[in-house]
Amino acid sequence: MKQGIHGSDNTSPLHSKVSAGKSETLPGGDPTHLPITGVAGTGSGSGSGHARGRNKLTLFPLIFLIFFEVAGGPYGAEPAVQAGGPLLALIGFFVFPFVWAVPEALVTAELSTAMPGNGGYVVWVDRAFGPFAGFLMGTWKYVCSAIGAAAFPALCSDYLTRVAPAVSRGGARVATIVTFNVALTLLNYTGLSVVGWTAVALGLAALSPFLLMVGAALPKVRPRRWGATAGDKDWKLLLNTLFWNLNGWDSVSTMAGEVDRPGRTFPAALVTAVCIGSLGYVLPLMAATGAIDAPPEAWGDGYFADAAGLIAGKWLKYWTEVGAVVSSIGLYSSSVSSAAYLLAGMADLGHIPSLFAARAPAFDTPWASITVTGAIALGMSFLSFDSIVAVTNFLYSLGMLLEFAAFVWLRAKRPDLPRPYCVPMGTAGVGVMCAVPSAFLVLVTAVAGWKVCVASAVFTGAGVVVYYVMAFFKARGCFKFGRAEGGEYEAR
């Protein structure tokens with residue numbers, strides 16, 4: 001459902017389990033930077049196993065958390081039809097999952113099960129290339145997740161405006177955005193088990209109008225309509241739409257330490273989520289473009305609701321609009337979770353103060369990380385997102401290039417690393433698998449405007465400054481930091 005696809009985001013790490021042991025040195029003299037969590041006095045308790053089982057993510061909730069990290073339903077896919085017409089949009093949503101979504105999901109499945117701690121891709125890059133690269137990865141991805149989350153309170157308010165026009169401006173709009181943000185931030189305090197099962201309910205509600213629309217459209221579908229193309233094709237918009245709606249499969253890795261039996265659960269959840277997410281785009285697009293004769297230029301953001309009304313009546317149009325609100329709730333909640341647990345995982349690694357890994361006594365959730373992420377998302381909710389979303393697209397691409405590089409490097413240099421799930425290819429095979437999406441990522445960064453490059457450089461520069469400031473604080477004992485030494489992640 002990701003809206004505003006003139007750019008791209010994503011975008012949205014609790015604690016890693018480690019076993020005791022000495023600091024390990026990799027071939028070539030590179031030390032691993034692995035956390036010993038649950039350090040006395042830090043309050044993190046990440047690896048101690050205290051009352052953690054009750055909040056573990058099981059398969060079904062994990063599927064829908066991944067679903068909302070990536071899609072949330074087909075809302076937001078409409079500009080693909082506007083940019084290229086039904087034919088190119090359908091080809092894109094058929095092909096792009098294999099080019100992009102499947103490689104990203106496979107990388108996530110292998111590395112999340114090999115190193116099932118919170119922090120996800122930060123842990124992988126830290127292990128492969130050291131703490132500086134890991135911190136830079138965390139900076140890029142956190143900016144994407146936190147800013148991406150900020151879009152959804154305003155989006156929810158925009159949808160509610162159709163029912164209650166007073167929400168469109170002034171105090172009513174501010175109150176709506178603040179209430180949305182605070183309520184869902186509080187939901188995250190209750191733990192990922194609650195957030196996950198809430199995502200299941202929200203996911204079923206968000207998809208329900210499209211199941212009805214597909215059924216109602218079947219007698220009206222004329223396959224010839226699928227062959228139409230836009231007269232004036234916008235290739236950049238088409239590619240951005242596909243990228244925006246099908247990225248983020250690695251985001252849930254930041255919560256890997258909270259998953260029950262990740263070695264089994266992660267691969268099954270990712271495969272299921274890829275199928276649900278891909279079909280959730282393709283089937284509604286086939287139904288709507290095949291059942292009505294709307295020209296491509298009519299397919300702007302939100303046109304699915306109009307299409308549903310034309311196919312089945314106003315009742316389904318309103319239901320689809322309600323589904324969009326429900327979807328935005330799920331997208332926000334999952335994005336905040338991903339970003340907050342990313343901070344907690346970076347604290348586990350010793351990159352930032354241990355406060356960010358501290359657990360709330362009642363729910364065993366990283367309260368400081370959730371609070372900071374919710375506050376950032378609330379503040380950003382009142383800003384314009386046209387340029388910011390383009391910046392997150394650029395930073396996300398940089399992060400994914402580094403992630404693919406870490407995956408191939410670990411395959412080549414650490415064949416001994418236990419991998420409960422392993423992509424069934426050799427090192428050369430996974431290199432080719434990662435090369436295809438990497439080429440697309442290079443294209444995304446190459447076509448970015450100079451303003452996007454400058455803004456991205458500013459965020460990156462800020463991340464570098466913070467890294468050395470944290471090193472300064474750590475050396476002088478200004479704050480308490482977790483220890484990034486010793487131990488080996490347990491494959492479970």
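Just so it is clear, glycine is given a Cβ too, placed from its N, Cα and C backbone atoms.
In TrEMBL, annotation is done automatically, which means it is predicted and not curated.
Sequence annotations record features per position, and here TrEMBL assigns region 'Disordered' to 1-49.
Look at TrEMBL and you will find 40-49 tagged as compositional bias 'Gly residues'.
The annotation transmembrane segment is assigned in TrEMBL to 57-77 (among others).
Residues or ranges marked as transmembrane segment in TrEMBL: 83-102 (among others).
Look at TrEMBL and you will find 195-218 (among others) tagged as transmembrane segment.
According to TrEMBL, the feature transmembrane segment maps to 268-292 (among others).
As annotated by TrEMBL, transmembrane segment applies to 322-344 (among others).
Non-local neighbours of the transmembrane segment (365-385) in the same chain are 4, 7, 14, 44, 55, 145-147, 149-151, 153-154, 174, 177-178, 181-182, 184-185, 188-192, 332, 335-336, 339-344, 347, 355-359; each lies 6+ residues outside the stretch with a CB under 8 Å from one of its CB atoms. Annotation source TrEMBL lists transmembrane segment at 365-385 (among others).
Annotation comment: TrEMBL describes 391-410 (among others) as transmembrane segment.
Residues 8, 99-100, 103-104, 106-107, 109-110, 236, 239, 243, 390, 393-394, 397-398, 400-401, 404, 407-408, 411-412, 456 of the same chain lie 6 or more positions beyond the ends of the transmembrane segment (422-448) yet place their CB under 8 Å from a CB of it. Annotation source TrEMBL lists transmembrane segment at 422-448 (among others).
Outside the transmembrane segment (454-473), and at least 6 residues removed from its termini, the chain residues within Cβ reach (under 8 Å) are 132, 135-136, 138-140, 143, 351-353, 387, 391, 394-395, 398, 448, 479, 481. Feature annotation from TrEMBL assigns transmembrane segment to 454-473 (among others).
Cβ atoms under 8 Å from those of the transmembrane segment (195-218) belong to residues 1, 57-58, 60-65, 67-68, 72-75, 187-188, 280, 283-284, 287-288, 290-291, 304, 307-308, 311-312, 316, 319-320, 322-324, 326-327, 329-330, 333-334, 337 of the same chain, restricted to positions at least 6 beyond its ends. Between the transmembrane segment (57-77) and the stretches 83-102, 268-292, 322-344, the greatest number of Cβ pairs separated by less than 8 Å involves 268-292.
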